[in-house]
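J.: Before we start, here is the structure in question, set down as structure tokens.
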């Protein structure tokens, strides 16, 4: 089994903020698959099981995401872990993949690294840098950024659909990496 985690913060206050890219992409995927999340108090997370995948949205707030991930990982005895998250170091429109390594200062990843390990797959979605880190990641996308954000979230969702069918991280990485911002038609 594979644990596929979208990172974000719960509550309407944080809905559709830059830091909730992982939640939004997973929500879109689950909706397209005509599935739904249910809350699990055992894991303090929203869960959905599909084929041999466990989809998880931690409800612990970003900085404690590792608690939900560890709980679900141990309970379901998953073999693989894929985290979908925002990345300040990438421009909006860029999608990159990573297998293991550092957390780049991302507090959700720090929590997972501390409680689980740093040996997991990552789908990194660029949100660009802003003036203040906290204010920026907790802000919503600007109206002029929405078309690019929507296109790149769709691209990331398609990467996940490919991974669900192929179980091949390297093939997903080769096919869906966007080193430069996605070009969209005006």
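Just so it is clear, glycine is given a Cβ too, placed from its N, Cα and C backbone atoms.
Note that TrEMBL annotation is computational and uncurated.
Below are the features I grabbed from TrEMBL:
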- 9: site 'Discriminates between blocked and unblocked aminoacyl-tRNA' (SITE)
- 14, 61, 63, 107: tRNA binding site (BINDING)
- 19: active site, proton acceptor (ACT_SITE)
- 86: site 'Stabilizes the basic form of H active site to accept a proton' (SITE)
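So where do these features actually land, and what's packed around them?
T.: Proximity of residue 9 (site 'Discriminates between blocked and unblocked aminoacyl-tRNA') to non-local residues of its own chain (separation of 6 or more, Cβ distance below 8 Å) is seen for 17, 19, 20, 23, 61, 62, 138, given in sequence order. Residue 9 (site 'Discriminates between blocked and unblocked aminoacyl-tRNA') falls within neither a helix nor a strand when secondary structure is assigned with DSSP, and so counts as coil.
The secondary structure of residue 107 (tRNA binding site), as reduced to three states from DSSP, is helical. Sequence-distant neighbours of residue 107 (tRNA binding site) (same chain, six or more apart, CB under 8 Å from its CB) are 62, 63, listed in sequence order.
Residue 19 (active site, proton acceptor): 23 other CB atoms within 10 A of its CB, across all protein chains. Following the DSSP three-state reduction, the secondary structure of residue 19 (active site, proton acceptor) is helix.
Taking a C-beta cut-off of under 8 Å and a sequence gap of six or more, residue 86 (site 'Stabilizes the basic form of H active site to accept a proton') has these contacts in its own chain: 7, 18, 19, 20, 21, 22, 106, 124, 125, 126, 127, 137.
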J.: Tell me, by DSSP, whether residue 14 (tRNA binding site) is helix, strand or coil?
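T.: Note: residue 14 (tRNA binding site) is helical by DSSP.
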J.: Are there any residues at least 6 positions away along the chain from residue 14 (tRNA binding site) with a Cβ closer than 8 Å to its Cβ? List them or say none.
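T.: Looking at Cβ-Cβ distances below 8 Å from residue 14 (tRNA binding site), excluding near sequence neighbours, one finds 8, 20, 138.
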J.: Among 14, 61, 63, 107, recorded tRNA binders, what is the largest CA to CA distance in Å?
T.: 16
J.: With DSSP assignments reduced to helix, strand and coil, which class does residue 61 (tRNA binding site) get?
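T.: Its secondary structure by DSSP: coil.
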